Amino acid sequence: MASPAVPANVPPATAAAAPAPVVTAAPASAPTPSTPAPTPAATPAASPAPVSSDPAVAAPAAPGQTPASAPAPAQTPAPSQPGPALPGPFPGGRVVRLHPVILASIVDSYERRNEGAARVIGTLLGTVDKHSVEVTNCFSVPHNESEDEVAVDMEFAKNMYELHKKVSPNELILGWYATGHDITEHSVLIHEYYSREAPNPIHLTVDTGLQHGRMSIKAYVSTLMGVPGRTMGVMFTPLTVKYAYYDTERIGVDLIMKTCFSPNRVIGLSSDLQQVGGASARIQDALSTVLQYAEDVLSGKVSADNTVGRFLMSLVNQVPKIVPDDFETMLNSNINDLLMVTYLANLTQSQIALNEKLVNL
């Protein structure tokens, strides 16, 4: 990701907000004999970025960033990272699945933004399958915006992606995110740069300002529109956004949701015994619901559902048949193993603490 940001001298024409597609005109550049016609967001590797012709607009970027008005050092951008990317335009029904860590990271980066920054942007990472795009990670990218230009630290983004690949080599660049409830002319420029890293990238918007009383989360992909041979525009088409989570993420989300009922918005971590007790209570409530449903079906109060019946039968068949005496023996053996591991862990901790005190004497 080595392409610099470019100025936006001609503001795009933006249509109505989502769920209708958002239409944005591509940025215009000074006419020169060697400048090709504007291209869609998924720019070929040989197309140079447009450059502003007004020297008064060019302003120095922050340290480590590439000024928006500077032309690319090489006319051919860096090649995309290898690996399966988004296979062309999104087919109908393509779904974007977001994990809770994405939203938490975006909100955290917005709260820690530099003074005076209107919004924050970042890179989305994840995986792709035939029916959905799963966004599992992200990181923020420093940038500066003004009315005339935008400067993005693409070198920082490249280095961060290389570090993420060492931990999660299967995660690919899927697109980028931005805080706010609308799409600006700068969004078109930034989206064009990410199209060089991933075909048909996703643009995720998170309304951290709560314009309508809630955090609106929307995802878009861009498509080219316009008359051939004329100034082309970019249309941002909304996608379906769903939320997915692993079991460990679900535990954290459930714990965070409990703070809604706390007066000071703070809740302490429960002990292992309390967690086991809470899980047992939830299982008991679920079994009570199943038994009540079965009794209502047998009594004729509720019509039978074959799908529910097959699901319950599958659950019953998965329960192993164990003799009560054998189950008690297995449980006691596991408890003894757990107590032994706990004892050894505490003994090791005490030995380490004693060793540190002896070293400091």
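A Cβ is built for glycine as well, from the same backbone N, Cα and C atoms used for every other residue.
Going by Swiss-Prot, these are the annotated features:
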type	residues	note
COMPBIAS	1-32	compositional bias 'Low complexity'
REGION	1-91	region 'Disordered'
MOD_RES	Ala2	N-acetylalanine
COMPBIAS	42-73	compositional bias 'Low complexity'
MOD_RES	Ser52	phosphoserine
COMPBIAS	74-90	compositional bias 'Pro residues'
DOMAIN	96-226	domain 'MPN'
MOD_RES	Lys242	N6-acetyllysine
MOD_RES	Ser262	phosphoserine
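In this structure the alpha carbons, written CA, of Ser262 (phosphoserine) and Lys242 (N6-acetyllysine) are 27 Å apart.
A C-beta separation below 8 Å, combined with a sequence spacing of at least six in one chain, links Lys242 (N6-acetyllysine) to Val95, Val96, Arg97, Leu98, Ser132.
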